[in-house]
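Residues or ranges marked as domain 'Amino acid transporter transmembrane' in TrEMBL: 1-340. Per TrEMBL, the feature transmembrane segment maps to 12-41, 74-102, 114-130, 137-157, 177-198, 210-232, 252-273, 294-315, 321-338.
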Amino acid sequence: NIVNATVGAGVIGLPFAIMLSGFTFGLSLAVFVGILTYVALYSLVPSGKRIGAYTFASLAEHSMGRFGYHMLNIMLFAQSAGSCVSYFILIADTIPILLGLYFPQYPILADRQIVTVAVSILMVYPLNLFRSIGALAAWSAFSVLLLPVMILTVLIRAPAYAPQHDAPLFTIGQDPFGAMGIITFAFVCTQVGFSNFLSQKNQSTSAWSITSFLSTAMSFIISIMFAAIGYLSFGMDVNPNIFANFPADDNIINIGRLALGVSMILTVPMAFYPARDAIQKTLGFESASRQPTFFQHHVVTLIMFAFFLSLGINIRSLGKVYSLVGGIASSFLAYIIPGTSY
């Protein structure tokens, strides 16, 4: 479950992060972030056991007071909002390309904004109307199954394009700090740490240490392999969305594009629900003793959905979203709260 939470859409931007930092330095950064991720993930449980609380919010409030509680909600919103926007950008970068290629007799199907808005309203918005994310468990499982498809298509086809691009191995990139934000965005998973710990049969600290290490190591191996092959294939020309480096008529890659587009449609709610929860708690609509009314729930859902969608169809730079959200929200969730609590 932790591997599934880590190896998500953020992996798409890792080759771009390697380009920003330089190949050798980027791999070193990835190792550093991987170690920090393991330490942070492991430290949650000893911290939680000391205070007898096994939720991220309780841990933040105990270690940093009400300020920590509110900062956690703000950063969870920023992380989830950034994820939603990036997913809408990826939908806009994939679905219209495929429809325009395979249905050229209908030019409107290639229009980025029209198609993205239509797909989002008809397919994404209904999935966001439930109060509990548990109602989407089957869709979430199907979305996870699509990730290996899109990763494999890139790993299979990318090396064929390597001779056309220059990929320096020992230079320092132009933006190592931005690269670290993207890598952190791709690796952050501390927000699901407690839920996975509580699902273990053996809830000892030593067992959690093994779980944390194995899940981080598996995520690191998958992610770094994807990042290295992507960078070595496209070098200094690699895009924040690596699928944008491939021609539109590459049929194998288009299988990956379709998997990515469908996966993003099903993944938007996974980020939308935590963002909505954070807003409803901040507004006082949701607490331990009350739930949002029907009107409050649907108004907040509609406003947030329209806001995220408008950003997604108007922002083209996926890399800036990754680095900004990763540098601020992901770093706070992944390192500051676990470190302060421990």
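Cβ atoms here come from the backbone N, Cα and C positions, even for glycine.
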(request) Taking the transmembrane segment (137-157) as the first stretch and the transmembrane segment (321-338) as the second, find out whether 3 or more Cβ pairs fall under 8 Å, excluding pairs closer than 6 in sequence. (result) no
(request) Mind checking which residues of the chain, 6+ beyond the ends of the transmembrane segment (210-232), have their Cβ under 8 Å from one of its Cβ atoms? (result) 2-3, 6-7, 11, 14-15, 17-19, 23, 26-27, 30-31, 34, 37-38, 41-42, 151, 154-155, 158-159, 162, 167, 186-187, 189, 196-197, 200, 238, 242
(request) Would you kindly check 177-198, 252-273, 294-315, 321-338 and say which stretch has the most C-beta pairs under 8 angstroms to the transmembrane segment (74-102)? (result) 252-273
